Amino acid sequence: YECHCTARYTGNNCEVDAGDPCASQPCQNDARCVEDSRGDYTCICPLHYHGTYCELEESLDPQCVAQPCRNNGSCSVPLGADEYVCDCPPGYAGRNCETDLDECESGACLNGGRCVDAVNNFTCDCDGTVSSDPVRTGYTGARCETNVDECEEERGICGHGACYDTYGGFVCACLPGYTGERCHKVTPRAPTCELTRTRQKFLPYEV
């Protein structure tokens, strides 16, 4: 078997907790550290600070005073440069941080799960509860990585038969006399023929 671990956990059986990523206090200048759904962290910077760890102070250059950087991007003018540079928050890119990165492009969801993009995040729809398009993969988990045992979740799903779980689904083995995908249909009886014995009269034949 193979275990697909959720955020923060690792090991052959997902038994090792990697710990709180914010415990080491990676964010600087009184920034707030927030753990995300993938077990990583994001630094929420205070006013006038930016960077991955909020380690950079904003420039007061006239170009930055106009606030050209969008989506909470931070503006600075590097020493000796003539143009400003935007330091974009996670999930955004572009000259002015105007582009929302599509985290779904990396194939984040497994086993046919539908990926729904969000800002610096994504959601995997494994059973049609998130997106409008119907989807049932037979898997669950943050990335649709865990097989669902339909035989355990819905007892009696096979009606007059035995249920066998498979990866992404199940199969039913029907009892004699029943058929159908879930063994709910009665097998129609084959027509029977009745044999009637009649007497035949043979006339003598002369050679």
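A Cβ is built for glycine as well, from the same backbone N, Cα and C atoms used for every other residue.
Automated prediction, rather than curation, is the source of TrEMBL annotations.
Feature annotations, courtesy of TrEMBL:
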DISULFID  Cys5-Cys14  disulfide bond
DISULFID  Cys45-Cys54  disulfide bond
DISULFID  Cys69-Cys86  disulfide bond
DISULFID  Cys88-Cys97  disulfide bond
DISULFID  Cys174-Cys183  disulfide bond
DOMAIN    1-15  domain 'EGF-like'
DOMAIN    18-55  domain 'EGF-like'
DOMAIN    60-98  domain 'EGF-like'
DOMAIN    100-145  domain 'EGF-like'
DOMAIN    147-184  domain 'EGF-like'
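Summarising the environment of Cys69 (disulfide bond), the number of other Cβ atoms within 10 Å of its Cβ, over all protein chains shown, is 25. Secondary structure from DSSP puts Cys97 (disulfide bond) in coil. With DSSP classes pooled into helix, strand and coil, the tally for the domain 'EGF-like' (18-55) is 0 helix, 10 strand, 28 coil. With the fewest other Cβ atoms inside 10 Å of its Cβ, the least crowded of the disulfide-bonded residues Cys5, Cys14, Cys45, Cys88, Cys183 in this structure is Cys14. Cα to Cα, Cys54 (disulfide bond) and Cys88 (disulfide bond) are separated by 12 Å. Within the same chain, the residues at least 6 positions away from Cys97 (disulfide bond) whose Cβ sits under 8 Å from its Cβ are Cys69, Arg70, Asn71, Asn72, Gly73, Cys86, Cys88, Pro89, listed in sequence order. Minimal Cβ crowding within 10 Å, among the disulfide-bonded residues Cys54, Cys86, Cys174, is found at Cys174. The average pLDDT computed over the domain 'EGF-like' (60-98) stands at 86. For the pair Cys14 (disulfide bond) and Cys45 (disulfide bond), the C-alpha distance works out to 33 angstrom.
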